[in-house]
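Let me begin by presenting the structure, written as structure tokens, before commenting on it.
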Amino acid sequence: MRKILKWVWCTDFFTYSCLFSIQSYIKPLLISNSEIKCKETSLLDMFTILRMVTAYLFTYLGDKLHSRYFIAIFCLLGYALVVTSITFLLPFLGAQEFGFKMILVNFFYEAFESGLLPLLETMSVTVSTKYGGKYAYATMRSALVLGRISGHLLPVFYNKVIFNNDKSNRNHFFAMVTWASFAFPLLITMHRKCKFIELPAQTELSMKCGRATDAKIVQENVLRNLYEILHSEYFFILLSILLFGVYKTAIVNYQSLFTNTIFNDTKFTAMIYIFRSLPELFTTMIAPFFEGIIGNLWIIFIGGVCGLIKTFVYAYYPMNWSVSAKVFLFLALEIPKAIFCDWVCYGATKMTEFYNPMYRRATAQGLFNGFFNGGCAFISGIVGYFTLGDQITLQNIQNLKNFFFICGCFGIAGLVILVGLYIYQNRK
């Protein structure tokens, strides 16, 4: 592996470790440090639609300034400050109850995260394509998988060694600080090392990139880039991703609450998250092989189907099984979930590169992130508001199962769109 690829891998690993030490626990963290109810967290999800705007603007700035890593540094700094506020300062900020201040805190959390993820993905796929072979990008994505393992494992370690309290959520904050202390210096280093990659050469202005062309570029602006992206076939990929994101958001935001309610112990949640990442190491590395056989469109389709398997099993989860049987089923479902996480993101990111030249690639990746993590959250938030009660307990957990079922139905529509796009492409 070339030296620059090693630098990118290490940067991704520590940054993703920082993000995943918090990401899946942010809703329990908000609930435990404030007085908001479960139903009101769904209202917060609805405001996540603004993530579509923030992701687009941050990535547009990265493209415009040719400084994706610099904008990523700014986003990670903001992310760390907001998580600090959520962990320690909600009473001081007067944001303990659901209202404008709580919405504002959640907005900044979502905004900074929305910019960071697509900027890292853009540079990973660009550098791996430029300097690596067929499996280079899959290797880069292994940093995300291992980062997820580390991000979930370190808080468990801190709980046992420092806090000795399985109900504590502050261990996630200290894990984030630990990983961020490595991520910041690496991001600064990569900003310096990759300037020549981020700035496209003049000869690239007339090169064809997939089905998108850099020729005849008028001074690009935020609306022009958006117009070009939304008037390409790539828009249908984004639309299907939006619908897949509805059930993905339901699982991400409420899996920890679901498992904690069933087992009444947070260690099972962490164990499930860690186990999920093990098959992801395998599914990540085989994605390029299947890409060469079936193409990225069907990679996304198969990933979407696998995500639906987990969602609908959660909707009909057997509550009368023994604890060991429940744990086994939870762990078994992480195998199709691993395929979903890897193949949908792998295929969509590769198609982002295929349809979008370098001058708007981060912007397109930002739209992908906004659709997959922002617009979909608005839909799942509406569903959650009408299906979830004030609090999820073992007695009313059927509300949460109904929530999973309805969100899964949106994913079926996403599969139909992909099939329609495939038929359209083969008729041209």
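Placement of Cβ uses the backbone N, Cα and C atoms for every residue, glycine included.
Look at TrEMBL and you will find 13-385 tagged as domain 'Major facilitator superfamily associated'. Confidence across the domain 'Major facilitator superfamily associated' (13-385), taken as the mean pLDDT and rounded to a whole number, stands at 81.
The annotation transmembrane segment is assigned in TrEMBL to 7-26 (among others). Tertiary neighbourhood of the transmembrane segment (7-26): same-chain residues 1, 72, 76, 79-80, 83, 86, 109, 113, 116-117, 120, 123-124, 127-128, 139-140, 142-144, 146-148, 150-152, 154-155, 169, 172-173, 175-176, 179-180, 182-183, 186-187, 189-190, 193, 252, 255-256, 273, selected by CB-CB distance under 8 Å and a gap of 6+ residues from either end.
Remote same-chain partners of the transmembrane segment (46-62), defined as residues 6 or more beyond its termini with a Cβ less than 8 Å from a stretch Cβ, comprise 68, 70-72, 75, 103, 106-107, 110-111, 114-116, 118-119, 122, 222, 225-226, 249, 362-363, 365-367, 369-371, 373-375, 377-378, 381-382, 385. Here TrEMBL flags 46-62 (among others) as transmembrane segment.
Within the same chain, residues 15, 18-19, 22, 26, 29-30, 33-34, 58-59, 61-62, 101-102, 105, 108-109, 111-113, 115-116, 119-120, 123, 169-170, 172-173, 176-177, 180, 183-184, 187-188, 190-191, 194, 198 sit at least 6 positions outside the transmembrane segment (69-93) and bring their C-beta atoms closer than 8 Å to a C-beta of that stretch. According to TrEMBL, the feature transmembrane segment maps to 69-93 (among others).
Remote same-chain partners of the transmembrane segment (173-190), defined as residues 6 or more beyond its termini with a Cβ less than 8 Å from a stretch Cβ, comprise 7-8, 10-11, 14-15, 17-18, 21-22, 69, 72-73, 76-77, 80, 83-84, 87-88, 123, 150-151, 154-155, 158, 162. TrEMBL lists 173-190 (among others) with the feature transmembrane segment.
Residues or ranges marked as transmembrane segment in TrEMBL: 234-251 (among others).
The transmembrane segment annotation in TrEMBL covers 271-290 (among others). Listed by sequence, the residues of this chain that lie at least six past the ends of the transmembrane segment (271-290) yet keep a Cβ under 8 A from its Cβ atoms are 24, 134-135, 137-139, 141-142, 145-146, 148-149, 152-153, 156, 255, 259, 299, 327, 330-331, 334-335, 337-339, 341-343, 346-347.
Here TrEMBL flags 297-317 (among others) as transmembrane segment.
As annotated by TrEMBL, transmembrane segment applies to 323-346 (among others).
If you look up TrEMBL, you'll see 367-388 (among others) marked as transmembrane segment. Proximity of distant same-chain residues to the transmembrane segment (367-388), defined by a Cβ-Cβ separation under 8 Å and at least 6 residues beyond the stretch ends, is recorded for 38-39, 41-56, 59, 110, 113-114, 117-118, 121, 226, 229, 237-239, 241-250, 253-254, 348-349, 352, 399-400, 402-403, 406-407, 410.
According to TrEMBL, the transmembrane segment annotation covers 403-424 (among others).
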